[in-house]
Amino acid sequence: MHLNTTLLVSLALGAASVLASPAPPAITAPPTAEEIAKRATTCTFSGSNGASSASKSKTSCSTIVLSNVAVPSGTTLDLTKLNDGTHVIFSGETTFGYKEWSGPLISVSGSDLTITGASGHSINGDGSRWWDGEGGNGGKTKPKFFAAHSLTNSVISGLKIVNSPVQVFSVAGSDYLTLKDITIDNSDGDDNGGHNTDAFDIGTSTYVTISGATVYNQDDCVAVNSGENIYFSGGYCSGGHGLSIGSVGGRSDNTVKNVTFVDSTIINSDNGVRIKTNIDTTGSVSDVTYKDITLTSIAKYGIVVQQNYGDTSSTPTTGVPITDFVLDNVHGSVVSSGTNILISCGSGSCSDWTWTDVSVSGGKTSSKCTNVPSGASC
């Protein structure tokens with residue numbers, strides 16, 4: 001038998017095509033009807049057993065309702081490793097037992113999650129039980145509040161958090177995370193020893209958006225310690241330390257890049273706009289913009305840049321350069337005992353700054369500014 005040339009070529013090409021094709025993906029068994037039904041379930045957890053029950057059953061629920069959950073002392077409300085697409089709803093008042101420990105009180109991780117609060121809810125840390133004026137620097141060991149770690153393509157919105165013992169949100173190892181319309185009210189701590197009650201601490205994360213936050217606290221409203229593509233808008237920050245980059249340096253990740261603060265108000269706070277890099281460390285801060293920022297009754301510094309954070313009496317060091325720093329329409333008031341602007345840069349380590357329509361008044365003019373780059377004034 002003789003095959004014609006066309007047929008031989010066709011067979012050869014077909015064989016080659018089969019050999020060159022990648023192996024098909026492994027086929028896994030589809031979920032059973034029972035598994036699908038479980039994942040479609042709305043699960044409600046409440047009372048003193050609610051936290052442990054939620055932790056045990058969390059992967060069996062597509063919607064988790066936490067209704068008046070009383071988390072036992074020394075226990076984390078563990079919502080880590082949730083199924084993709086899980087919706088968590090805080091309802092009623094969530095409370096926490098007292099114990100000296102480091103926390104966190106709540107921990108969440110997963111992908112495509114939605115974390116919301118029902119109308120009238122509150123997450124009450126009752127921080128006065130720990131407050132002693134020391135914060136994380138000593139005294140009682142205080143639990144951090146909310147670990148938003150290893151979150152991807154997720155949204156946390158509409159939560160009302162009251163009286164955290166110390167830091168509120170720790171955002172770490174997260175990408176494409178949105179925090180929207182969050183209220184943090186630690187105002188009781190103003191006269192009762194609240195300290196280091198940072199609202200949003202961000203590290204080693206990318207594409208984090210915080211919008212519409214209302215914060216009353218006693219430390220940074222936002223502190224970006226490392227990360228890229230961070231956006232904060234429409235914020236109201238009262239009583240704390242302002243909108244901060246850093247402190248940067250001395251960590252495993254010391255790069256801050258492409259951070260924008262826009263359309264926000266800072267009132268009755270120690271600082272307004274703040275960049276702080278730790279003395280004798282390395283890293284970089286670049287592409288940071290503050291636009292349309294209003295300052296009111298700032299107590300210490302309206303705008304402050306320090307490359308000697310940790311030892312401000314020493315000469316600023318150059319290991320963490322600050323480049324492409326933009327201020328656009330930053331204006332407002334400092335109290336008479338405060339300082340309008342302080343810039344403490346190392347030699348040549350602050351460059352490519354662009355300040356436009358910057359007006360901060362009411363306080364003193366600093367005589368301690370060093371190595372102020374062109375494009376800025378002190």
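Keep in mind that glycine also has a Cβ here, set from the backbone N, Cα and C atoms.
When the residues S53, S122, S367 are compared with Swiss-Prot, the one annotated as O-linked glycosylation site is S53. When S48, S128, S247, S349 are looked up in Swiss-Prot, the one carrying the note O-linked glycosylation site is S48; the rest have no such note there, which does not rule it out for them. Between the listed residues S55, S314, S366, Swiss-Prot assigns O-linked glycosylation site to S55, with no corresponding entry for the rest in that record. Within the set of recorded positions S52, T63, C345, C369, the entry lying nearest in space to C43 (disulfide bond) is T63 (CA atoms). Cα-Cα distance from S53 (O-linked glycosylation site) to S46 (O-linked glycosylation site): 9 Å (rounded to the nearest whole number). If one looks beyond the repeat 'PbH1 2' (205-226) by at least 6 residues along the same chain, the residues whose Cβ comes under 8 Å of a Cβ in the stretch are 135, 167-168, 171-187, 189-190, 194-199, 232-248, 251, 253-256, 259, 261, 266, 269, 274, 283.
Along the repeat 'PbH1 1' (174-204), the predicted structure has mean pLDDT 99.
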